Structure formats: structure tokens, C-alpha cells
Amino acid sequence: MDSYFKAAVSDLDKLLDDFEQNPDEQDYLQDVQNAYDSNHCSVSSELASSQRTSLLPKDQECVNSCASSETSYGTNESSLNEKTLKGLTSIQNEKNVTGLDLLSSVDGGTSDEIQPLYMGRCSKPICDLISDMGNLVHATNSEEDIKKLLPDDFKSNADSLIGLDLSSVSDTPCVSSTDHDSDTVREQQNDISSELQNREIGGIKELGIKVDTTLSDSYNYSGTENLKDKKIFNQLESIVDFNMSSALTRQSSKMFHAKDKLQHKSQPCGLLKDVGLVKEEVDVAVITAAECLKEEGKTSALTCSLPKNEDLCLNDSNSRDENFKLPDFSFQEDKTVIKQSAQEDSKSLDLKDNDVIQDSSSALHVSSKDVPSSLSCLPASGSMCGSLIESKARGDFLPQHEHKDNIQDAVTIHEEIQNSVVLGGEPFKENDLLKQEKCKSILLQSLIEGMEDRKIDPDQTVIRAESLDGGDTSSTVVESQEGLSGTHVPESSDCCEGFINTFSSNDMDGQDLDYFNIDEGAKSGPLISDAELDAFLTEQYLQTTNIKSFEENVNDSKSQMNQIDMKGLDDGNINNIYFNAEAGAIGESHGINIICEIVDKQNTIENGLSLGEKSTIPVQQGLPTSKSEITNQLSVSDINSQSVGGARPKQLFSLPSRTRSSKDLNKPDVPDTIESEPSTADTVVPITCAIDSTADPQVSFNSNYIDIESNSEGGSSFVTANEDSVPENTCKEGLVLGQKQPTWVPDSEAPNCMNCQVKFTFTKRRHHCRACGKVFCGVCCNRKCKLQYLEKEARVCVVCYETISKAQAFERMMSPTGSNLKSNHSDECTTVQPPQENQTSSIPSPATLPVSALKQPGVEGLCSKEQKRVWFADGILPNGEVADTTKLSSGSKRCSEDFSPLSPDVPMTVNTVDHSHSTTVEKPNNETGDITRNEIIQSPISQVPSVEKLSMNTGNEGLPTSGSFTLDDDVFAETEEPSSPTGVLVNSNLPIASISDYRLLCDINKYVCNKISLLPNDEDSLPPLLVASGEKGSVPVVEEHPSHEQIILLLEGESFHPVTFVLNANLLVNVKFIFYSSDKYWYFSTNGLHGLGQAEIIILLLCLPNEDTIPKDIFRLFITIYKDALKGKYIENLDNITFTESFLSSKDHGGFLFITPTFQKLDDLSLPSNPFLCGILIQKLEIPWAKVFPMRLMLRLGAEYKAYPAPLTSIRGRKPLFGEIGHTIMNLLVDLRNYQYTLHNIDQLLIHMEMGKSCIKIPRKKYSDVMKVLNSSNEHVISIGASFSTEADSHLVCIQNDGIYETQANSATGHPRKVTGASFVVFNGALKTSSGFLAKSSIVEDGLMVQITPETMNGLRLALREQKDFKITCGKVDAVDLREYVDICWVDAEEKGNKGVISSVDGISLQGFPSEKIKLEADFETDEKIVKCTEVFYFLKDQDLSILSTSYQFAKEIAMACSAALCPHLKTLKSNGMNKIGLRVSIDTDMVEFQAGSEGQLLPQHYLNDLDSALIPVIHGGTSNSSLPLEIELVFFIIEHLF
């Protein structure tokens, strides 16, 4: 035992030395994680693609890193396992030094089939130093020795091993890998491990390769379990048992980082879904997780699951000191791990299986101690598993009895956990768990039914933090954990996570959990007893007492940030929580974990400060509700340097569950490396973040990168490296990129794009980035940027472009105060602050904590609500002040349909108010494994649990303000961000006038996909629902898949409030029930068409009796209008849209006629901004009239429904008002068959008929239109269509009865008929002088017919050409007293257009000013945002309208120059509520000026400066070509680029 332990310590010391000497190479978290993944993934890399696919469902592929690694490592595992197994004594006969303790005993699992896949992942070794050491020793000494240690039957006893391995491995893999890298670096001498690493992790540095063979084996083993390869499992199991404990200990300690946990949370779902995805992406773990999340997209399960785990969370303020609370067992919701439903054949473990249960129980035991570490390990696979676990999971992992020696050692997990898993041999019963659910100890309720059915039901998985009772968590983590052998503990912790996860919601519902039974064989196997190990480590354990306080301090600071999540947790617990992922893990795992923790990158035993890169305080966003989830990730990696032989004393952590208050400190203390340099720590973080951001904004909880490097015995110190790392690294990378010529990657070494992995072909050519030298496809390398070494613009990839842009923006932001912060950033990122003893303040001093680019962990956590501000990317606040650089944050967008994470290829930087929601996402390059960039992602708006809950989301409640808006009362299907008490939109401080305010679209793109249509394809599903009160500071929330029943309940609620649907990121539709003219109508109104230059649309559709579903065809109509507007095809007054297929469940519905409301009643309608049109449903037989003579149809509708001039309502199933075309004068004037020609209509030309005279008023400005009519008509007939006259009190209406067209008059209600309008006039020059008439005038249908002689026709033509008035006298030649007169008058018609339109510059009315639409030849786009100039208004000053033709070209030039000047600022303008901008240009002989504003307020000066430099040259160049004076106003909209 002694020699064993010493050897382990010695190895650990060496590893630590290596880490300290080569921190860069070892990027702790990433490298380790990558290595771990690589070991387990590399082996599976080849198998992964095939096996993963076959073994796991698509969703599971997400489970990926675990699953894929599991699959692929199947082959490698078998070999590795054989070797390692040989080194390991049979579980039955011996206890490994690393002792599987609980984990080992768990290995009693009957088979990998029995054990759930998730469990497999979770079972990965946690980094048990001792275990690892043992493995190393065996590996290094000889395979034969190992073989000797293991009985023959050990191999056959794969089940037991499997159980252990699965639980420990799965958990450890992702997180552990990070820790393992450092810890097991040396241990991993086995060729197999190196192979695995090499395969899987190209990007991972040597650290990954160094991962203990045992770790890789155990990791692989987990994979094998998933693979269903019993043989492999058996072999691995033995190996794992031995290795796992040690590996697990280390891994668990490191992996326990919040980051890892976060990853697991978000990953679980994603992982389950895409096991395959992980295979290549150890480095890209984040991406994988994100992808998984995407696939799971809709499954909020991860997040939801996490909350339950929170319930389960170990936070037990009471047990804090004495008991190890399962670190964030809430995290373990991920562990809920799937007990992959028993259904899953090979992968799902039989929950009932004693062996499996044993594993889980052991895992639980271990986790109780090792929870932090094991959790950290779990994050990659275990947590993922937990997230993945579907509440559906039929198979529940029933912890088997693990009452064996190991169990005794196991520390009792919180009572809650105990309820579910009773260490000390008591069976876990689900009923107990249910009871304890209240205590927060409830594990994720849902287990994944089957590995194949990896999708987690978001609703099912959702666990509410509220349900957690802080007090209940008091259940003590069994102190006996110390008793558990360190190795066993780590393994157990992993297993525990998995097993805890195994408790499915179903189990919670009351199914009894099987006892976690530890295999006797497994117990007998260990070389060193738990008691011996505990005794040996006791002194060291005592040394970690300071760690607790340190962690508490950290937790306090973090807790402020996460108080929202903490809602259900006790404040005391929060304080008690240890954030040391490593130290925490270590404490739980005892000596082993400590050792692992020691491995932490900067762990300096000498100082007694183990600078655990992992000491990061992970704020697990998995579930905002999962308070315990906040894994006490701050690792108390500061295990006393006093530890003997370099081993860190194990320390019990009473980890009160608490909301993850800080970002995942996934990143190592090492400053972020330049994009070309792989940063394992960074990679790990990205994995967690990606998953988090993808599946849950909450996951993207990492608001602060706080590395609490170590909390040494003497005191605790915070390492701030990670916090600034994002902005700082970005800045550094941006500064470095382009300074010198990069190394050119040869074409031969890049068969695929190094960003999107697309294969290069003859047509898809290679492009080298001039900034980084890598090879990309044309899509990924389509940017241009000025590089210093070239002194000119050159082609760069999208990643370098973003990095350089961010660096430039960051520098611009640096003010006198900002620059100081900047310098502090770098210092804090790389240095460990001196330990501060007895630091009890819950708010760490600024010097102690890293200055987060996202937020300051201390004060802002408390005052997040008051501190929320909006600022521009370049650091300017809306009021012109300089923004504090420490608050720089960004927003993330998520797809409403696929919940996909940000594309690794498309960096998004968005200013957001909510620091606590940001997550750091790094993009590892699939080919090189290098992290090409760091990204801070924040999603201020997410979905809210339920409409009823909406109001509460804005309060200081533990529930995230933004989570998926589940109309369901109780469920927060997906809480994306456990954010500050009030998740505020970026533009929250901008007053939103109403649901029709165009500014409401400013942030929609952050919550939905950039798809042109978000309408589901099926008939029943509805588009995403946006719920917003329209009040200042209100928090919009999005429900991805609302149901008709829920919508009806909302619509029929009090006051008939409208609901808003998101048809795409640029178009909203408000729906409401209204009573109009005593009937009930569906009222639809759009918001967003103005951005394309299209008038908004309203539709009033009569409700059918007992109609309880929204007519979705209306949404399709709006999408059609939107697409037409994109093409420049606009709908205006009296235009139409027709259908060729059934519409609104009837083939008789022909389309819509659109009119501009005039005399109609609009008082009770929530109208959109002007201009807008009203759509009226028409029948198929009415289509000809809508096309050739729409005014006739409009007026006929008015006569039918007693409305003047027309109704605004649409009635389904009505009889058509016109039948087959009969004998009508229109047959002579228009083509009613093929629509080849129609009646020439002159806008604003009016025909007024009174007694004895008729007047045809022709606007002078329409002279050109009149000339067109004359030139196109024959010499005998002139026909002109008129406009509807608002000056007339009645109008002629044509009615068809039995094929005969008759004339009626329809008048406005309550007005006497004096002036009657007509729809057209026909001058017929065929009247013969011999007829005895001078001229004849008569009413024909709804128009005026004037018959004149040829001579009179010639005079009329001449008068029209010369723009002179003309009078026609009608009547008989001899009847002087009975004559009538027809006057043709040229009038200066008053401009009545643009009614209700106001200027964005200063708010003045634009009514009466002529305008015309502008169509630019090209769009100006940046960051997927387009600036569109839609219209120009002319402020004429006694000028002839003829100048408009020349002014239009000048206006286009101004529009292009302005668009180019605004382009760099589109994102900041839009995010700050300025998505509609007006530009007014005034030019005179001695004066040139312009004004730019939005919503009546001038733009900030720095925007005007850019406009000045762009516009002045254009204005001066255009003055000579335009008539002066000239004053115009251009309207610009900033919209999203949709696909």
C-alpha cells in the first residue's frame, strides 16, 4: 500500500511539475479533456462513425464524445482493457488501490447492456490519483505484472467492471480528460492511450496523449459499454476499476469544474443525440455539445434535467463541513444519466441489474465525495448523460445495493441522494428520491429511455429549481466517503452522477430504485483498503480546511451572480458551496481526487495553492433552477501543499447547492492561446459553453470566467485568468493576427476546409487566410481585412476577421478607465493572487477576482438589475458615455426550430445587458484541434416557462427570466439562461410603444433562426410565439412550439390581449380576437414589412362557429408577401394576391384584395404603423375583377355588406358577388380573359357627378400618365380609370344580376348625396353630327360615358396635350335649357399621401410630401445584417415636380453612401433599438447639411462623424446636377439577412 501510494504521489508530482513547466502545452482543461476524449474518442474515431451511428440514435451521437468514444474505443479498449485488466486484480478478488471502492463494487454490473450508456460515460474514472497511479505503475512496469494482479475470471467479469467503468468513465471522459491530461499525462505511456489520443485529438496537445492509459481505458471502457461489447467491457472494466479510481479521482477533481458540469448539463441531451459527433471533436467538444444540443434542439431536457438534479444537489449547508454534498448532484441530473432505458439492449443497463446498480451506487458513493471531481468528469459524458436522460426513460437505474465495504466508505450523499442512492448498502428507492426531491437532492427525474431514444423531452427533463428545498439538501454526504478508497470514490462519483441521473422522473414518480450493489469481487480486488487509504490521506485531508472557506468566499461572490438560480437554495448553502472543481472533487474523492487536483495546471503544492485551472467556478447553466448544479466547481485545488508525497489531502466539502454563479471556469489559468495554438483548457470551456449555449442559455451561464486557481491551506486566492481571457485573448489575437506573415499551410495538408470541413473539389477551391495561413473554402474565407504586414486589404477567413474586428472594437472601447482595466485583465488572467486568509466576504475584492469581460463577479452579481446597460460594440453608451469594458458581453441567437448552437464558423458578438448569461465559446479547429477563437455568447432572451409564469420571470426568483416560454403552467421546458432577476432585452431601456413598434424586432434574431419562414410544415404546428407586454423593460420570451389550445386560452383571456407570432427574424404577426360590428373576428396585423418597403397588412377574418384553431393559411399569406417584397414586388392599394390551391380549407377562396382604409371604422383595432393595407378575402369568380378593375369589386363588396366604400372584413364561404363575365362595357376596354390589357388608371384622377354637370379632375403632376393614355388609345376612344374620391359622399356601384350589369349608388352613412363618384370615363368620338346632339353623357354601369363628335375629340386631345381645361356641352342642339356639361380640368391636387407617416429624424409629419420607393442595385450587409433604403421623401419648395426625376438619381447616390457608412455599425445600432433610421439632406447654393436620427432622436455623434465623411463628397458632387434648393429625406431599415 505504502509503495503504491508513494509511487502514485511521485508520478503525480512529476505530472504537476510538467504542468507547471509547460502550462501552455497542457492547457489543462482542454488538453486533458481532449486527451481524455481523444483516448476514448480516438479509439472510437474510426469505430465511432460507424458504430456510433449504428449503436446510437442520432440524438445519442451528441452524447457523442462519450458515446462515440465509447464505440470507437471498443476496439482499442479491448486491447487496452486486456492490458490494463491484466494489471488490475480481479474485481472479485482484489480491490484496486485506486480501489474501485464504490465504483469498483459497482462493477458488479451484469453487462454493459445492463448498464445504461450514460452510465458508461459516467463511469469513466474520475481521476483517482491513487487509482491512476496504480494503473501507471502497472502499465509502466509490465503488462505481465498487471495480468498477475487480475484473476482470469476478472476478464470474464466484464459486467462488474462495466458497471464501474461506465459510471466513472462516462462522467470522467469529458471533464476528466482535462484533468487527466495533467494528472495522467505521464501515466499514459501505453501505446493504446496515445493512439486513441492521436486519433481523436489532433488538436489536443501532449497532455491528452499523456492521459493515463487507465483513464483512456476506463474512458474507452465506458464507450464499450455503450458499444455493447461485453468483452471489451469486461476487459475495460477491470482496467477501469483499477485505473478509474485513480484516474477518476484526478479527473473528477479537475473535471468537477463548473465548466465541465455545464458542459454535461447541456451536453447530456446533445451528447445522447449525437454520440457520433463527438468523435472528432474532443477539441471541438464544445461544438459537439452544441450540435448535440442542436439536434436535441428542441429537447430542453438537458436544462430541465439539470434543475432536478439541483434539487438533488448536494447543497447541504448543514453537511457542508462534515458531509460531501454530491457536488452539484443537481448536475447529476445529467447523471440522471440515462439509465438508458433498460430497453436499450446493449447500451442500456438493466436498471434492475444488481451489477449495474452496484456501479451506480458506487458511483454515487464516490460522487458524494468526489462529486465535484466526478461531476467534473461527468460533464463531458456523465453530465451529458444526465441531460440526455429523458424523463421518459422507462428503464430506471435503480442503484444496486452497494452496502459492501466500499459502500461503507462512501460518504452518504445528501439525504436526497441517499434517498436515491443509499451509501452504506441501503437500497435507493425512488420513492425516497421523490421525497428528497424536495430537498433538492432529487436527481434528474428523467432517464433516457433508450440510448437510441436519446432525445430528451424538454418538458420531461425540465426540473424546477423551485422544487428544491435548500434545507432538505442537508442530507449529509456520507463522511464515510473518506472511508471509501480514494480510487473507489472517484469512480463512484462518476458513477454516482450517472446513477443519480439514472433516477428517471419515472423513478421519481415512485418506481423503486434498485439497490446499488457493489460487486463483492470488485471490492475484493483493491490492493489497498478504503480505511487504509483514508487513514493515509486523513492528515492531508485536514489540510484542506482552508479550501472550504476559500470556496465559500468564491461561492459567495459567485452566488451573487447566480442568486437567481439559487432561488430554492438556502443562502447558507450557497456560501458553503465549494467552487473548486478540482479541489472539491478531490475533497470528495479523498487523496485520489486531491492528487488529481494537484495535477491542475498551476497547482503548486509548494505554495499550498493548487492553482487548479479547474478551480474555476463553474456556473452551470444547465438549469437555472439547479442550484446545486452550481457545482462547487471552484476547485479547492489549493489542497495544502503539505500533502504528503505531493498527494493532496482529501477534503470533505459540504457543498450547499447553489446556483451556478460564475461562468464555467473551464479555461485553464493559462492565458488563452492565439488562435493557432490549441488551448486545451479553452477547448474544454467551449465544449461546455457550446453545449450550454446551444441547448440552454443557462448553460451559457458562464458569465464570468473566474478561475479560482487554488485555495491553499493558508488561504484562498482567485485566479482571474479565465475571466478576462475571452476579451483579453480576443484582443491579443486580433493584435497579433496580421502583424507578420503567417505560416502557410500547404495545400497537400488540407484536403478539407479547416473551418467547415467541406472537402475541396475541382469547383470548391482552396483559399488561404492571409492572417493565419490556414486553408479554407470560399465561404469560410470570404472576408477582407487590412493586415499590417501587407499594408493593404487581403483575404482573411471569417474567424480571423471576427477576431481582428473584436480586437479593434475592444481597443476602441478602451477609455482612460478602460485601458487600466485592460492592463489588469491580462495580469489577472495569468497571475494567482496572494492567498487571502479568512476571506469571509461573499464579494471577492476586485483584485482577487478576475475582471470579467462579461461582468464583475462581485458587485454586479448583487446589482445586476441596476447595472444593466446598453452599449455599442465600440464602447459608446446611448447617452454618449464610454462603456465600462468589464461589462462587454454578447448575445447568442438560437434557432427556434433546431435549438442549434452558434455555428462555430459564424462568430456572433452581441451587446447584451445580462452579464450572467454569457458563455464563452471557443471554436476548435476540427483539423488542427486548435482553438481559433474565443467567443462570448449571451442570450438575453430565451424562452419562458409559461404564460402564467411570465410575470414572475421578471422578479428576483430562482427561475431563469428567460427560458423556453412553455405555455404549460408548471414546466420550464428549456431555461436558456438562469439569468439575472430581470432578463432584459438589449433594448429594454428603449420604450416600446406597442406590439406594433418596429423596434420590437431589434432582438428577435437572437432567439430564432435566420430562416425566411419559421412556419412548421405540418398542418397543426404553429410558428414560435413571442410574448411581450410592450412595456418598457419588459422581457420578451419565446415559446418554440405553442399549441392551439394554449393560444386560444391566451386570446380569450382577460381583455383579449393579442399574441405575437414570429414568422421570421424580420416579421412578426399579432393575432387577436375582436368584436367588430357585433361579430367575432380573428384580427391579424403584421410588424416588419416596412423593413422591405412594403406596407404592413391587417386582416379581419370572421370566426367560424366554435373555431378553436388559428387559421395558419394567413401566416403563409404573410410569408408570400414577404418573399415578394424581397424581390421588389410590392403590394399597394387595390392590388391583389391570388391562390391556385385550396386556401382556408376551401378551393373557392381565390385570394385577397388589398385596400387602403378610408371611411371605415378603425377605432377598436390595434393598428400597425402607417402605411398599412387591409386584405379582403375574395372568391375565385371575383378574381378577374380584382385583376382588371379592382375598384368595381371593392365598391361592390361595400354595397353587399353595407360598408362605405368597402368592408374591412373577410368572410369565408360567402357567395361570389360576380359570376361569369356577361355583356359589359368592360369587355371593350379590358381583357377579362387573359388580362393582356386593362383600363389605364390615373392615380388621383377623380370623376365627380352632380346635377347638371360632371367634372373630371386631372392632377397636373400626372401629365405624363395622361400622355401615355393618349398615345396608347385609338383615335376614336379614350378611356381612363379613376381613383376613389374621398371628396364625394357616394359612389356608383355595378351589380350583376342574372348576368346583367346594373347601376346603384352607395353612400357613406349619414351623409346626403350631393357629389357622386364614378370609376371610369370613356370618351367616344363616333357621334355623328347628324344625330342632332352636341354630345351625350350617360352613366354606364359604374362609370361615365361621353359621346362626342370627331371634331370635339380632336379638340379634347389637343387640350389634354397642352394641359388646358376643356368643356364639353351635352344635349340636343335645339334644347338649350336641358343641357349638361362635362368639364375636364387640370388641378393642382393636394398631396394626401403618406397619411400618418412621421419622420425618424425629428418626428415631424411627412403627410402630404411626395415620396417614391428606392431600389438600390446592391444590399449592404455586415454580420448577417442588411441596411435597406426603402423610400425617399421630397420636401418641395415651390418647385415643379419635374425635378423629381433628377432628384431621384441623386437620392440613390446619397442612399448608397449612407448605407456604406452605416454598415460597420449595423449590429450596434440594431441592438440598441435603432433599426429604423432617417437621413435628411438639405442643399442650397450656400448651405449643405444633413441630419440622421431614429425614432425622433438624432444619432450619437460618432455615427454622424462617419456619415459626414461619407456623405459630404457625394453631396458636393451632386449639387451641380440637381436643382436647388433641394431637401430630401431617406428612410433606412436594418434587417436580418435571411435564407
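Positions of Cβ are set from backbone N, Cα and C atoms, glycine also.
Not measured: the values here are computed from a predicted model.
Considering S38, S45, S946, the record held by Swiss-Prot lists S946, annotated as phosphoserine. Between the listed residues S446, S1077, S1319, S1509, Swiss-Prot assigns phosphoserine to S446, with no corresponding entry for the rest in that record. Looking at 332-355, 884-907, 908-931, the stretch flagged in Swiss-Prot as region 'Disordered' turns out to be 884-907. Listed ranges 747-805, 1160-1218; the one Swiss-Prot annotates as zinc finger is 747-805. Per Swiss-Prot, the listed range annotated as region 'Disordered' is 469-491 (candidates: 170-192, 469-491). The Cβ of C756 has fewer other Cβ atoms within 10 Å than any other of the binding-site residues C753, C756, C769, C772, C800.
Taken residue by residue with DSSP, C772 (Zn(2+) 2 binding site) is part of neither helix nor strand, so it is coil. Once Cβ contacts within 10 Å are tallied over all protein chains shown, the binding-site residues C777, C780, C797 are led by C797.
When the Cα of C780 (Zn(2+) 1 binding site) is compared against those of the binding-site residues C769, C797, C800, the shortest separation belongs to C797. For C772 (Zn(2+) 2 binding site) paired with C756 (Zn(2+) 1 binding site), the C-alpha to C-alpha distance reads 16 Å. Cα-Cα distance from C800 (Zn(2+) 2 binding site) to C753 (Zn(2+) 1 binding site): 15 Å (rounded to the nearest whole number). C753 (Zn(2+) 1 binding site) sits 11 Å from C797 (Zn(2+) 2 binding site), taking the CA atoms of both as reference points. DSSP gives C756 (Zn(2+) 1 binding site) a coil state; it is part of no helix or strand. Cα to Cα, C797 (Zn(2+) 2 binding site) and C777 (Zn(2+) 1 binding site) are separated by 9 Å. Note on the zinc finger (747-805): mean pLDDT across this stretch is 87.
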